Amino acid sequence: MAPQTISLLWAMVCVSVYTRANRVVAPIHEPQNWKPATVDDFTCRTGFNLDFDSKFIKTKALVLKRVGQAKVKGYLCMKNRWTTTCETNWLYSKSVSHHITHVAVSAEECYNKIRDDASGNLKIESYPNPQCAWSSTVSREEDFIHISTSDVGYDMYTDTVLSPSFPGGTCKLKTCCKTIYPNIVWVPETPAQTQVRDALFDETMVTVTVEAKKVVKDSWVTGATITPSVMEGSCKKTLGSKSGILLPNGQWFSIVETGQITIQPKGSVEEKETWVNLINDLNLSDCAETQEAKVPTAEFTVYKTESMVFNILNYHLCLETVAKARSGKNLTRLDLARLAPEIPGVAHVYQLTSDGVRVGSTRYEIIAWKPTMGLDKTLGLTIVPSGNRNSETIKWIEWTRTDDGLLNGPNGIFIADGKEIVHPNLKMVSFELETYLISEHSTQLVPHPVIHSISDEIYPENYTIGGKNSYIKIHTPTAYFWSGIHWIEGAVQKLFIVVVATALIGLFILVVWLCCGCCSKSRPVRNQKWE
């Protein structure tokens, strides 16, 4: 890896420090096929952002842009029947009465009223006038509909609208909802599902890796607003009437395209399959009711950029370790930690012994790093969605002792002083760099993103890992005695501009003066006689 690239990566890392929980990819059980490691056993497995050879699908999906209740615009719609009754006797004595009756109203009648009001076709409300007849009772009635705006809440988990006017306070989302009043219903202003989609969801592109034409537990999903996540531990959850997948990290997405989806290796079309068939192979269970979806925070962009930088940086550090092994140099525990994979799945595990390094194959998962000492040394707990199954304790039984007296576990993990389980690369893999950089490196960072004082070549100096005197110099700025004192720097810059401008003006005046002098000498004097 070029020194310039290393420096640039470290600069990006230092600028985007973001502390997360200690979640690492670790082996969940010990292999049964240990063997002495040879040079060919030291390999690097690329992370999701680097694995360009893997097959994947890109498709449109809905993702949450907000959680909790949304607002659905609508109307309360009421229908009344106005009746006029005219009663006469044989002497033609007339009696007229009026009364109003509440009657049931349909959604169609409500929408007709909404359209009429919008078009200005207003109907004047008044009692009808019946034609009275001798010695008879005649009635005439006319129906009038009233509408008034009424926005209601919406619960995306139950797909119901919420209002005190509804019986029980809720109504399953549909074209019309009854209220506690027999003659009043609620109708949405526009199709409710459209309002819900616009309020809760954004449409984006997602990428999902596939193996053997299937989405498997080791498949990864990522997108413009989806944190890279493994599919294992996901469950099915319907939000806003949209069937989707809740990832282990709490993010939710729903595929928009239900037809054929292209499977691509390196961007070329290979074969087509439907998303339904792909995802059904996972046999996902339904999520627990208590499991809630999350929306990426404002830190998401920083985290995703940082994770990509870390994947690239870790991959190249791993390549350096492989080159070190193939050149016959001794490997350290930190080297073994760099060889560990960054994504779940089956991969090599390395363990230091008194005779060298041994290697085996095992399964890796994302775990919460919570080491505890005891008869069974615990590394941590598996990360699973709450409600699906209990977290599993990850233990490492067989620890090997080396000549330095330390007990060694998987991938460079060791027990220090018989009291503490130490991950040599934890600060790197868990993105907790701030303390690591301060304690292990002396860093020089540009206080502002300026380039005028940075030399053209960016390179690290004395780049070593470990040791009290080791450090990484991010870049080599052109230093002046006023560097770091901003008001002096500004004054010097302004003074420099004034001096240059004055010099240019003076040069211009000098040129003009010389030109004028030359012209005056060459011009003949008036009335002068030439001999």
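Numbering starts at 1 and runs along the chain as it is shown here.
Including glycine, each Cβ sits where the backbone N, Cα and C put it.
Bear in mind that the values here come from a model prediction, so they are computed numbers and not experimental data.
As recorded in Swiss-Prot:
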- 1-21: signal peptide (SIGNAL)
- 22-492: topological domain 'Virion surface' (TOPO_DOM)
- Cys44-Cys318: disulfide bond (DISULFID)
- Cys77-Cys110: disulfide bond (DISULFID)
- Cys86-Cys132: disulfide bond (DISULFID)
- Cys171-Cys177: disulfide bond (DISULFID)
- Cys235-Cys287: disulfide bond (DISULFID)
- 493-513: transmembrane segment (TRANSMEM)
- 514-531: topological domain 'Intravirion' (TOPO_DOM)
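Sequence features, as recorded in Swiss-Prot, placed on the structure.
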residue	record	DSSP (3 states)
Cys44	disulfide bond	coil
Cys77	disulfide bond	strand
Cys86	disulfide bond	strand
Cys110	disulfide bond	helix
Cys132	disulfide bond	coil
Cys171	disulfide bond	strand
Cys177	disulfide bond	strand
Cys235	disulfide bond	strand
Cys287	disulfide bond	coil
Cys318	disulfide bond	helix
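Comparing Cα positions, Cys77 (disulfide bond) lies closest to Cys171 out of the disulfide-bonded residues Cys86, Cys132, Cys171, Cys235. Every protein chain shown contributes to the tally, and the Cβ of Cys235 (disulfide bond) ends up with 19 other Cβ atoms within 10 Å. The distance from the Cα of Cys110 (disulfide bond) to the Cα of Cys318 (disulfide bond) comes to 68 Å. Comparing Cα positions, Cys177 (disulfide bond) lies closest to Cys287 out of the disulfide-bonded residues Cys86, Cys235, Cys287. Confidence across the topological domain 'Intravirion' (514-531), taken as the mean pLDDT and rounded to a whole number, stands at 57. Checking each of the disulfide-bonded residues Cys44, Cys132, Cys287, Cys318 against Cys171 (disulfide bond) by C-alpha distance, the shortest gap belongs to Cys287.
Spatially, by CA atoms, the disulfide-bonded residues Cys86, Cys235, Cys287 include one closest to Cys44 (disulfide bond), and that is Cys235. Here the candidates are the disulfide-bonded residues Cys86, Cys235, Cys287, and by Cα distance the one nearest Cys318 (disulfide bond) turns out to be Cys235. A count of other CB atoms within 10 A of each Cβ picks out Cys318 as the most crowded of the disulfide-bonded residues Cys86, Cys171, Cys318.
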